[in-house]
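Worksheet for the structure shown next.
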Amino acid sequence: MSTELKLTDYATGLTQAEAEKMLKEFGPNEVVEEKKNVFELLLEKFWGPIPWVLGTVIIISVFQERMADTLIIFGLLIFCALVDFLRDYSIRRTVKTLHGQLQDLVSVLRDSKWVKKPYRDLVSGDVIRLKTGSVVPADVLVIEGLARVNESILTGDVREVIKHPKENIYSGSVITRGWVSAVVGSTGKRMLYHKTIEELISAKKVSLLDEIAVKLEKWPMFTSFFILTIAVIVSWIRGISLFEILPLMLVLLLGSVPLALSAVFSLSMAITSRRLAGSCALVTRLDAPNDAACMDILLLNKTGTLTVNHPNIVRIIPAGAFTDYDVIQYGAMTSDEVNENPIDDAFFKRASEMDLMPLSITPTTFLPFNPQTRKAKATIVTDDVQYRLSKGSFEAVARDCGMGPEELERWRRIVANFARDGFRTIAVAKSDFTGKMELVGLAGLEDVTRTDTAEQISKLVALGIRLKLITGEALPIAQRVARAIGLGSNIIDVTALVKSDNWVELLETCDGVANVYPEDKIWMIKALQERRHIIGFTGDAVTDAPALRQADVGIAIKSATNFAKSAASIVLTRDGLGGIVSAVNGGRNVFECLNAWILSKMGGITFKTGFIILSFLILGDYIITAAATLILMFLSDYVKTALATDHENAPPHPDHWHIRKQAFTGVFMGLILIGEAGGLLYFGWDYFNLDASDGTLNTFSFLLMLFFTVFFVFSVRERGFFWRSRPSWPLFLVFLITLSFGLVISIAGLLGFTAISLNHALLIMAYTFVVTFFINDFIKYLIARE
């Protein structure tokens, strides 16, 4: 433990003034990635495939004494680097904002009062309370309590260790059971395992974006390389210098690489994440909404997700000579106010109503509720005699009491009646003077469903998602809750599920499973994933963390433990299911955006490369220069990137990636565009007497390809007919700017283009508009239906 450890009065904690002074002296309690300055980030944009190719083309253009092309390409290099830098800066700001909203809180003793503070505000000497599910925020020394701790994230050892007073717990560990009060020692970069934590922060995993990019870049590059090889061979046969055509070949090859996919994906996710934050759903990774788009089964925890998670004790049945007061008093003694457990809070609330607070006896030891044993334990001392207390599920407590068969059956009937009435049963037991445990009584707790749950359930069902209730409650309670929220009546007990020969099919078709233990959730999720389902799971407890990690979409509810939130990909900041509905809709919008990008990219690669090379093979000359091709490529990518803002056309059902199908569809549409563009090019060459030698055919070809490419993007953004949904205003504005820019430079003869007449330009615009939206859009619609 660090020598910075400040001597603190453990009963009062630090004063706020002392804490602020320490915070100013030692800095916030955080370990962050080393940040690069703005200048370094900007310079990085001049290093990569695009800058390399552009730099090569610039050098070749200088040697060819094409100064106009050189200046244009150099300007494009600067412009692209700046746009890329500004986009990344915006995304970084979004991620920083999201991380700020995901700050974990911990109970801190300041000025003799327990208050909630962000982890980063802790200083050496602070007294904090850590409970089950807490991620240890700094290196601490235990001063009170007992807890099981998982240190595997730091040491690699999966075995849990028990921590007693005067023992250290290091930052990054997880409290898996029990509670402790501890004094903070080292914070920030002074923590023992800060290097390990830095590596965890900076660790990157292969994302869905990487997988898609790998699939996309294989065959288009091979196809383009094959076509360009033919063009080079024909050029050599015709006596055209390789040095002369190399810039165009490099630019066309560059255009076949899906480099803009990263920009579109990141920008779409950043925009969606910002919107979801406003809808009370924070993402812990930018690609989480995309997983939500594909989710087809959602496993719902009852407590906290479907109910308000503020149960009230509505029925009490004492045992033997015990009274209602005994049930509540001993139940409250087996509780802890600081741990914020809803059942503990229910006992404290009822004890207060019965004027039993403050409690006459303070427990000497206390072990919070353990999901494995399903009970909490405490020890009290009165009249120099030590008594043991337990509180939890009836079956768990009854095992300690050694009941006879008849007595056990009588109490089980009472528990069953509680369950039929929708009450959760909590049993309380106490040892007698001989040490034998005896039942004090039962408390029936009612936790009402949220008022908006049924509405949100119907919205999720309308989105094509199959919902299943997964709960540790008894079967009658689960059935009652499912009926109340319109989830369905086919709820089964987990024991019936595992005994079935076709249990996987039963799990797929049922509406929920009752009496589920935490470890059951893992194999359920894995079994459904093996059936090629995309699984969502809502959880809140530390024992839910493995299931949250295993699920494709782990969703931590508002009241979840810090450890559960760290394992989730989406964290809800408002009670209920509304945030999940928003995440699904937002993710599907992104999914449609990327689908449109893939279609337009594959179609654009086929169209531009094939059209330029086919025209060369027929006409014997290249119809466009390298500089003009670069301008065309960046203008079309500018429009495709703006697809990230288009959020109007989410499909009403889950979908999955079909990269091969999308790619072939794009290629097919690109081949159609080649034929259509070739017809107008021949008309311009033959009827208008346009010629490549004077540059007019080059400008005509450039404008023809620009309009076809941009209109094609607008067509494929919608699976149905193009008029079914309107584009976003940013996308529409980019559309107008791009086409206006293309018209101006073509008619005015700017940026190295030879001017063509306004009539020629309007003919191109009218032809491409009619062909794209009245012929190609119908073909696209037929393909989409299939």
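Note: Cβ is positioned from N, Cα and C throughout, glycine not excepted.
Copied over from TrEMBL, here are the features:
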- 1-66: domain 'Cation-transporting P-type ATPase N-terminal' (DOMAIN)
- 46-63: transmembrane segment (TRANSMEM)
- 70-86: transmembrane segment (TRANSMEM)
- 219-237: transmembrane segment (TRANSMEM)
- 249-271: transmembrane segment (TRANSMEM)
- 611-635: transmembrane segment (TRANSMEM)
- 663-685: transmembrane segment (TRANSMEM)
- 697-716: transmembrane segment (TRANSMEM)
- 728-756: transmembrane segment (TRANSMEM)
- 762-783: transmembrane segment (TRANSMEM)
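Among the stretches 663-685, 697-716, 762-783, the one making the largest number of Cβ pairs under 8 Å with the transmembrane segment (728-756) is 697-716. Highest Cβ contact count with the transmembrane segment (611-635) among the listed stretches 663-685, 697-716, 762-783 falls to 697-716 (criterion: pairs under 8 Å).
Within the chain carrying the transmembrane segment (663-685), a Cβ under 8 angstroms from the stretch's Cβ atoms is held by residues 216, 219-220, 598-607, 610-611, 614-615, 619, 623, 691, 697, 700-701, 704-705, 708, 712, 716, 760, 763-764, 767, 771, 775-776, 779-780, 783, all 6 or more beyond its ends. Among residues of the same chain six or more beyond the transmembrane segment (697-716), those with a C-beta under 8 A of the stretch's C-beta atoms are 596, 599-600, 603-604, 607-608, 611-612, 615, 623-625, 628, 631-632, 635-636, 639-640, 643, 669, 673, 676-677, 680-681, 684-685, 688, 690-691, 722, 727, 735, 738-739, 742-743, 746, 749, 753-756, 760-761, 764-765, 768-769, 771-773, 776-777, 780. Within the chain carrying the transmembrane segment (762-783), a Cβ under 8 angstroms from the stretch's Cβ atoms is held by residues 665, 668-669, 672-673, 676, 680, 700, 703-704, 707-708, 711-712, 714-716, 719-722, 739, 743, all 6 or more beyond its ends. Mean model confidence of the domain 'Cation-transporting P-type ATPase N-terminal' (1-66) amounts to 70 (pLDDT, 0 to 100 scale).
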